[in-house]
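Record features (Swiss-Prot):
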BINDING   Ala27, Ser28, Gly29, Lys73, Asn194  CoA binding site
BINDING   His31, His33, Glu92  Zn(2+) 1 binding site
BINDING   Arg86  phosphate binding site
BINDING   His140, His142, His187  Zn(2+) 2 binding site
Amino acid sequence: MNNELITSLIEEVTRRALLETGVEVEASGRHVHLDRETVDALFGPGYELTHFRDLSQPGQYVCKERISIVGPKSVIHNVVILGPIRKKTQVEISSTDGTALGIKAPVRESGDIAGTPGILLLSAKNSVQLSEGLIVAKRHIHMTPADAEKQQVSQSEIVQVKINGDRPLIFDDVVVRISPDFATYMHIDYDEANACGFKKGIRGQIIKKTKAK
């Protein structure tokens, strides 16, 4: 048995053991996903965003570039851009950010932006006024098919997640997203992170709202 196979087996055993204790939770700060048209408008035709750091989800990354978002009441600077480029531009903030900006953003799943408020985006040289795309991301779990089978959950199922931190609580209305392209993590925003006393590496226990089939 070679070292690579041994390492792979150890990683799989560790993953399964951790899954028994729930899913790891990550807190996501405000960020934007840009489409090709918006990148061109903000940074120039054909501009390529600069990869800075990988995220936990395979193929997703933080870009070096930053922008500002402008609402009726205030401006938030140094907003992170996530890559790669999306089909439609989307801005994800917390409810607290929305209050500061003076815009009430609805709670939506990623990609569900029809009828949402717009917002002004500013780069160092240019601006883009979005007609829609501002949301508060619905809390969710990215999950691999193998982990979903182990947890006995299905695509788009709504579950509860119990967080045993310094301020233990149960998050309701958590949507499960399943794909072989995912890594298994729950994502909450900073408002939710503050509510549960979030610390890096904290885990959540999935509570099914319906009986497993």
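Just so you know, glycine gets a Cβ as well, placed from its N, Cα and C.
All features noted in Swiss-Prot, drawn onto the structure.
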residue: Ser28; record: CoA binding site; contacts (Cβ under 8 Å, 6+ apart): Glu92, Ala137, His187, Ile188, Asp189, Tyr190
residue: Gly29; record: CoA binding site; contacts (Cβ under 8 Å, 6+ apart): Val80, Asp189, Tyr190
residue: His31; record: Zn(2+) 1 binding site; contacts (Cβ under 8 Å, 6+ apart): Val79, Val80, Ile81, Leu82, Val91, Glu92
residue: His33; record: Zn(2+) 1 binding site; contacts (Cβ under 8 Å, 6+ apart): Ile81, Leu82, Arg86, Thr89, Gln90, Val91, Glu92
residue: Lys73; record: CoA binding site; contacts (Cβ under 8 Å, 6+ apart): Ala100, Leu101, Gly102
residue: His140; record: Zn(2+) 2 binding site; contacts (Cβ under 8 Å, 6+ apart): Glu109, Ser110, Val174, Val175, Val176, Arg177, Met186, His187
residue: His142; record: Zn(2+) 2 binding site; contacts (Cβ under 8 Å, 6+ apart): Gln57, Arg177, Ser179, Phe182, Ala183, Thr184, Tyr185, Met186, His187
residue: Asn194; record: CoA binding site; contacts (Cβ under 8 Å, 6+ apart): none
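The residue listed as 'phosphate binding site' has a Cβ environment of 16 other Cβ atoms inside 10 Å. Neighbour counts were taken at the CB atom with a 10 A radius for the binding-site residues Ala27, Glu92, His187; the maximum falls on Glu92. What surrounds the Zn(2+) 2 site, by Cβ distance within 8 Å of the Cβ centroid and not counting His140, His142, His187, is the set Arg139, Ile141, Arg177, Tyr185, Met186 from the same chain. Cβ atoms within 8 Å of the centroid of the Cβ atoms of His31, His33, Glu92 (the Zn(2+) 1 site) belong to the same-chain residues Ser28, Arg30, Val32, Val80, Leu82, Gln90, Val91, Ala137, site residues excluded.
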